[in-house]
Amino acid sequence: MRRRRLRGRPGCVKKPAAVAAVTSPGEPGVILSGGPRDMSTSTSDMLGGGTEPSSRSQRLRADGALALITSFWGITFVVVKDALGHGDPFSFLTLRFIVGAVVLSVLAGRQVLIARNLRIGSMLGTFLFLGFSLQTVGLTTTTPSRSAFITGLCVLLVPLLSMVLYRKAPKFTSLLGVGVAAVGLYFFTQPDGGLGSGGLSSGDVLSLGGAVAYACHILMTERHAPKQGVMGLVAVQLWTVALLSALCLPFVERRVAWHPSFVGAVLVCGVFASAVAISLQTWGQARTTAVRAALIYSLESVFAALYSVLLGYETLGPREWLGGALILSGVLMSEVGAAAWVWWRARAPAR
């Protein structure tokens, strides 16, 4: 008799769970089971610009990975400076990205040939190439300090482009952190005489174009970065940069001396600063927002200066230390500001 009653009420156990899941769409950690409508909500949270990931611990791991790669990129300033004494920029870029692409292609296997990876990877690789090439060519007609500051403006361009393209307003704490970090970049890089002195040179304009390209790459990476299968997508990006760099070689003065410092720089930058770093970047940006990522990337100039000081290339004065402190403060504002605000609001009624 008990068995007949259970059979006469099919799904009596499962239905309440399904209803409970549907009544709270979009809540962090809730598995939605309401059909296509609920799945679209989950997908937009994963792909849309400016939304926070569901898991705070996952986001912190992603932010930590992005901070780690800025340390890789920071050392490349010193390594590349020595390497370019033995080779032209486009030859270096071509060889560097070929090394990274080969490493990831071996690891990714058939993932490289997936249609989505080919389509999205070539688009991301084009933005990445534009960022590298415009910044490199711009350095020929502007000063390193002005180029560094203008390129660093991508920390401001990312939230602006996010609002224009995706109509996603970043959180207040993130915007505050971006503003503080931008001021820190100005002090840290010391643009010679200020950006208004002598007007904008062609190198300044090219550097600004590079900053826009980097900002677009950050936004597109957030939008299209997969949760799994990262290496195949990144391998296509690196092949794209290598190919476009090679296409520029007939139009520049090619100069390559196979000096140990040049070969070492190609290998270090190809494996660590390209294959490993951009894979971590793609993995991390699938789990955090583009605005937070751009803010963390502003630490690159701080790491570059620290390596330069440790290796005896330069010394830092009070202005640089102030700028570095402001950049770090901006990053920390974004990291802990939102949590501190939620904690304060939760305790405020009890006071």
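Cβ atoms here come from the backbone N, Cα and C positions, even for glycine.
Those TrEMBL annotations? Automatic predictions, nothing curated.
Taken straight from TrEMBL:
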- 25-58: region 'Disordered' (REGION)
- 65-84: transmembrane segment (TRANSMEM)
- 67-188: domain 'EamA' (DOMAIN)
- 90-108: transmembrane segment (TRANSMEM)
- 120-141: transmembrane segment (TRANSMEM)
- 147-165: transmembrane segment (TRANSMEM)
- 172-188: transmembrane segment (TRANSMEM)
- 200-220: transmembrane segment (TRANSMEM)
- 202-333: domain 'EamA' (DOMAIN)
- 232-252: transmembrane segment (TRANSMEM)
- 258-278: transmembrane segment (TRANSMEM)
- 290-309: transmembrane segment (TRANSMEM)
- 321-344: transmembrane segment (TRANSMEM)
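Listed as Cβ neighbours of the transmembrane segment (290-309) (distance under 8 Å, sequence separation of 6 or more from its ends, same chain) are residues 49-50, 63, 66-67, 70-71, 73-75, 77-78, 148, 152, 154-155, 157-159, 162, 170, 174-175, 177-178, 181, 184-185, 188-189, 215, 218-219, 221-222, 281, 284, 315-316, 320, 324, 327-328, 330-331, 334-335. Long-range contacts of the transmembrane segment (258-278) within its own chain (CB-CB distance under 8 A, at least 6 residues past either end) are made by residues 69, 72-73, 75-76, 79-80, 82-83, 85-87, 92, 95-101, 103-104, 128, 234, 237-238. Summarised as a single figure, the pLDDT of the domain 'EamA' (202-333) averages 87.
Long-range Cβ contacts of the transmembrane segment (65-84) within its own chain (Cβ-Cβ under 8 Å, at least 6 residues beyond either end) map to 92, 261-262, 264-266, 268-269, 272-273, 276-278, 280-281, 283-285, 288, 293, 296-297, 299-308, 311, 313, 331.
Using the rule of three or more Cβ pairs under 8 Å, pairs at least 6 apart in sequence, the transmembrane segment (147-165) is in contact with the transmembrane segment (200-220). Three or more CB pairs closer than 8 A are found between the transmembrane segment (90-108) and the transmembrane segment (232-252), so contact between the two stretches is assigned (pairs 6 or more residues apart). Within its own chain, the transmembrane segment (172-188) is flanked in space by residues 148-149, 152-153, 155-156, 159, 289, 291-292, 294-295, 298, 301-302, 305, 319-320, 322-334, 337-338, 341, which lie at least six positions past its ends and keep a Cβ under 8 Å from the stretch.
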